[in-house]
């Protein structure tokens, strides 16, 4: 039996174009002599549709499109994800189509309601497993979470289990999936077809990596990660397959998240405030790799505290990537602000207010350019800064998409090293230079923050693993350092709530899976 794994990149809400793509790929799969073509979870609507599901017409349109797909599938079986409706309830569903007719509809039984998922807000749980007979094979149908939950394993002997998914990426997720699917194949003694969505959707990145495993749990075929493609799997044959290394996975996830956010939201170009530091340099590289250098614009906005090295490094990075580089000095604007504020600040020493003014001037200029040319501003802050609040509201946080929002500073350096192995785009002077915001003389990040190799571990343990201060201190950190970092994280929630979205990369990002109250004394 030949099965086509159609790993698609739908746009949420673009139901009719998503359907056209499904029909086109169905025809292509038939031409390639596949017996079944399989599409991801909610392939018709895109995932997650969120409160679009509360619109009756949205659900009705998706059912109408399912019928169109069925009418076009006369010569090949199709298993596709859609939203079903029974009375007043809606279901996360899959339709199995044979000879142009929907012969079975399966309702997802295990609805995830944790981390980035809140399916119980919308869907009703299905009540029973679904098995179809096709070309002498017993095929079990499932949707995403069903295969992760042990209780969701079919009790009857099956030849093939097909699971359609919209499983978002984070570091380590591929290994988790493969291990779990291998266990399910062995325990069920059935081949497993796993088709995952690909593409960026706001803060989520779906990495694809669809795969097929034999009843012994051995991987026999897979689709590439982070690209839309269709792979034909012959269950009787085996192929050699390989996976991306972790840094390559992460970089590709950042590229896909950025590209899809820009293009699905109909921005032509992006612009970046290039400081001469490593964060903005990496953001520039990701944007240029994802969109093409001609769609990326870099602006260097020096003040009296900006060094010649920063200018040279920023300019060289832009030239290495073939990106347009322009300069807008802010010293005169800054001086005018200070002059107007002087009567109100009279007698008070300069402090962070004057420092943040510079960042906010830069943010204002970038947003003016964005408004004028309909370019999307990419913010350049990293997770270490976002965690501790070492960032300026309406300043360096200004923008429509924060590419490095879930990338710790230590990982920034690793990604730069990985990217430079492909071609040298970020110079050694940027990599070796101590991080600085250059908002006052001789400023260094470590004047305020612990060393990043220490800080990032504390952040990971507190944010991603929910460990308390005592548990983290027992790992070998000074209690005073741990308490300081945790205090900075807790006190910065109001900033994070106003930050632009960015791609989720770690197991817990500051987005859908982080929902702390702003007003909070715990």
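One is the number of the first residue shown, and numbering goes on along the chain from there.
Even glycines carry a Cβ here, placed using N, Cα and C.
The domain 'CN hydrolase' annotation in TrEMBL covers 1-237.
Here TrEMBL flags 41 as active site, proton acceptor. Take the CB of residue 41 (active site, proton acceptor) and look out to 10 A: across all protein chains shown you find 27 other CB atoms. Classification of residue 41 (active site, proton acceptor) by DSSP places it in coil, neither helical nor stranded.
Around residue 108 (active site, for glutaminase activity), a 10 Å sphere centred on its CB holds 27 further CB atoms from the protein chains shown. The annotation active site, for glutaminase activity is assigned in TrEMBL to 108.
Sequence-distant neighbours of residue 114 (L-glutamine binding site) (same chain, six or more apart, CB under 8 Å from its CB) are absent. Residues or ranges marked as L-glutamine binding site by TrEMBL: 114, 167, 173.
The active site, nucleophile feature in TrEMBL is assigned to 144. Counting every protein chain shown, the number of other Cβ atoms lying within 10 Å of the Cβ of residue 144 (active site, nucleophile) is 27.
Residues or ranges marked as ATP binding site in TrEMBL: 273, 274, 275, 276, 277, 278, 279, 280, 380. Counting every protein chain shown, the Cβ of residue 275 (ATP binding site) has 24 other Cβ atoms within 10 Å.
In the structure as shown, the Cβ atom of residue 385 (deamido-NAD(+) binding site) sits within 10 Å of 25 other Cβ atoms. Marked as deamido-NAD(+) binding site by TrEMBL: 356, 385, 495.
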- Find the average pLDDT over the domain 'CN hydrolase' (1-237) in the predicted model and report it. 95
- Message: Can you tell me the CA-to-CA distance separating residue 279 (ATP binding site) and residue 173 (L-glutamine binding site), as a whole number of Å?
- Response: 25
- Using a 10 Å radius around each Cβ and counting other Cβ atoms from all shown chains, which of the binding-site residues 173, 495 yields the largest count? 495
- Three states by DSSP: which one describes residue 167 (L-glutamine binding site)? coil
- Here the 10 Å Cβ neighbour count for residue 380 (ATP binding site) comes out at 26
- Give me the largest Cα to Cα distance among 356, 385, 495, the residues the record lists as binding deamido-NAD(+), in Å as a whole number. 15
- Query: DSSP on residue 356 (deamido-NAD(+) binding site), three-state: which is it?
  - Reply: helix
- One of the recorded positions 41, 173, 275 has its Cα closest to the Cα of residue 356 (deamido-NAD(+) binding site), namely 275
